[in-house]
């Protein structure tokens with residue numbers, strides 16, 4: 001399993017497109033969006049901190065979903081079949097994929113944090129930065145699984161647009177770009193049911209020094225379970241074909 | 001447990017896709033240490049049969065055993081290496097990356113240098129897989145199949161994209177691999193490859209074995225003279241079978 005993990009990490013490091021989407025995109029978004037609301041308070045935080053966490057989450061979700069759904073191309077190319085005729089068990093392939101996907105949450109979180117510190121002098125105690133980073137990593141579980149469900153369930157022709165659609169709908173309606181505080185009540189209620197909002201909420205509450213909410217953890221857990229079931233179903237379906 | 005002297009055994013194996021019977025009551029046993037070619041026109045069931053041998057596809061009926069156990073057990077134990085017809089590699093990795101991956105996955109791998117030499121990839125170890133020519137990529141897939149030094153190599157149309165020199169080097173590597181008592185099963189459309197490199201030729205048509213033996217026996221069965229090309233024998237065998245089974 002270590003060899004396969006190393007193999008996947010080397011591949012990830014060699015793919016500059018991923019770095020572009022997961023780092024440059026959120027950094028540019030932060031620089032533009034954080035200026036508009038600099039004096040506000042959002043989610044119980046100074047706006048530059050709240051927007052930092054939302055945009056870092058936006059970059060993280062983009063990267064994690066993209067790695068998961070790239071499985072579609074590996075499947076279509078026959079690589080996953082090739083791995084199935086080696087001693088490497090299939091569940092390890094899936095585990096490594098989900099783990100490597102979740103790691104892509106880390107570069108955008110660090111990059112956006114650094115820009116926030118420079119542009120708006122956002123300052124948190126060192127321990128709180130680390131906890132924030134850990135939460136932004138661990139909270140990607142439902143998205144890593146959702147990406148795998150798309151990757152195992154759909155052909156590359158469909159996986160790319162579906163992935164983009166899921167990403168845009170979830171990140172916009174989940175309040176990662178425009179804060180859900182600005183939404184009309186109906187949309188705000190919808191945002192609160194989405195994993196993207198609850199994922200960012202982990203970060204917002206942690207930065208404010210609060211524990212996660214019970215509702216937030218419940219929503220995240222429910223989405224994680226549903227995404228895991230979907231991914232397992234899509235995986236089994238994909239291996240049933242010749 | 002009884003030791004099976006067969007590397008591979010398919011017994012009355014069938015597999016359908018919808019209304020199409022891709023493999024239809026196939027019986028085939030391959031002795032350890034032999035090199036067997038599987039021939040057949042497109043749609044004869046070669047790739048389906050290979051998928052069942054490797055445990056990628058369960059048969060609808062009949063049994064498949066590798067070394068007396070299930071295909072999954074043999075694959076898990078690292079006794080099988082395979083080159084699939086569409087087993088392309090993923091972008092972002094180098095030739096060396098995939099060879100080292102295969103070496104780490106199998107219990108008794110070959111040396112990296114020996115693998116690169118056997119597959120004719122010595123100068124290409126640092127090359128990214130997405131920047132290889134079709135023939136080079138096929139050699140890299142051979143290297144991946146060979147790296148674990150498995151007891152059985154299954155190769156689905158292994159040399160189709162290779163140029164003449166690469167093809168010659170490839171078959172030399174296959175022969176030297178088999179010379180150590182290991183088993184090779186390959187499918188091909190190049191009849192002279194079967195003629196030149198296999199101890200035994202199995203001709204499939206409509207999912208069944210229509211001829212099985214040395215190339216001389218195949219010619220005799222088809223009723224073509226000994227010096228005639230295997231193509232003539234192949235056409236005689238597979239066309240009569242196709243018309244015999246109807247649709």
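Just so you know, glycine gets a Cβ as well, placed from its N, Cα and C.
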Legend entry - Which listed span TrEMBL calls transmembrane segment, if the choices are A:45-72, A:185-212: A:45-72
Legend entry - Segment-segment contact (the transmembrane segment (A:214-235); the transmembrane segment (A:130-151)) at 3 or more Cβ pairs under 8 Å: yes
Inset, instruction - Tell me, please, if the transmembrane segment (A:130-151) and the transmembrane segment (A:18-39) are in contact, taking contact as 3+ Cβ pairs under 8 Å between residues separated by 6 or more positions? - result: no
Legend entry - Of A:18-39, A:45-72, A:93-118, whichever stretch has the most CB pairs under 8 A to the transmembrane segment (A:158-178): A:45-72
